[in-house]
Amino acid sequence: MAMQMQLEANADTSVEEESFGPQPVSRLEQCGINANDVKKLEEAGFHTEEAVAYAPKKELINIKGISEAKADKILTEAAKLVPMGFTTATEFHQRRSEIIQITTGSKELDKLLQGGIETGSITEMFGEFRTGKTQICHTLAVTCQLPIDRGGGEGKAMYIDTEGTFRPERLLAVAERYGLSGSDVLDNVAYARGFNTDHQTQLLYQASAMMVESRYALLIVDSATALYRTDYSGRGELSARQMHLARFLRMLLRLADEFGVTVVITNQVVAQVDGAAMFAADPKKPIGGNIIAHASTTRLYLRKGRGETRICKIYDSPCLPEAEAMFAINADGVGDAKD
């Protein structure tokens, strides 16, 4: 009898776990959607019912074998499973209070960000070379694996590297600092090298499939814009570049919404060479224009300080005040600057 009660309790727990978080698109079969149509959705990159519910109708119609009538039925059933209506600000405030923040490794930087890098949104870091963008990414790839009470996200990290600057040795140094097993830390980081803008976008489809299978806390794209500077050149291709970049950023935002992962992207800067630059205190601005500015939830501007110290400024945020903090790049990752 006791054994039976234990089994029932375990079954209840597994049901609870299943109903929490993003649900696989295969659940649509229970709502009367044909298994072949579900397979077509998966092949097109829709791996969760949330991905289907958030998609515009024309995106589903573009899938080979999905007619307008089928698209309507799929969207209707997905909308029943995913809550997408109005909610009170009280309920939303409650959900916001449960958001996990991942430590950057520096207490001063965490204080500036009111806890750390926020999950479920896009954080953009931009600055010149040697300002610490990649070093923060490497540190976050380890700290996201820490328990929540130690400032982590209790999940794996995904790292898309477009500049060839990923170094596993740095992860091992940070892991040692936090007392984590080096081999476990490396096993929990999924790494991919992006070779062009189309490949970079294709990797996000793979990322979506992997996130359904396993718990990921962080997705890093370092750098999100480097390949756009080389694949598209001149003003003639500016419109095409911005449209492609907008689609890429929209996919990132969708992954943040669907899976609640922290998305961290790095961006490069460009020197302003027009007449106004003469009067600007700092004649450098992030590339990508308004497209990337609107897609990022929080924008951090990094610049060099003295020696190994770096300065981080809140450039844009919906809730953080404009302020600065100093941090240092140490042998064991990002830390506090020594006075």
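Here the Cβ of each residue, glycine as well, is placed from N, Cα and C on the backbone.
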Candidate ranges 1-24, 25-48, 97-120, 289-312 [criterion: Swiss-Prot lists as region 'Disordered']: 1-24
Residues flagged as motif 'Nuclear export signal' in Swiss-Prot, choosing from 245-260, 261-276: 245-260
Remote residues contacting the domain 'HhH' (48-77) - C-beta distance under 8 A, at least 6 residues beyond either end: 22-25, 27-28, 31-33, 36-37, 40-41, 84, 208, 212, 254, 257-259
DSSP three-state assignment for Thr309 (phosphothreonine): strand
Euclidean distance between Cα atoms of Tyr54 (phosphotyrosine) and Lys64 (ubiquitin cross-link), Å: 19
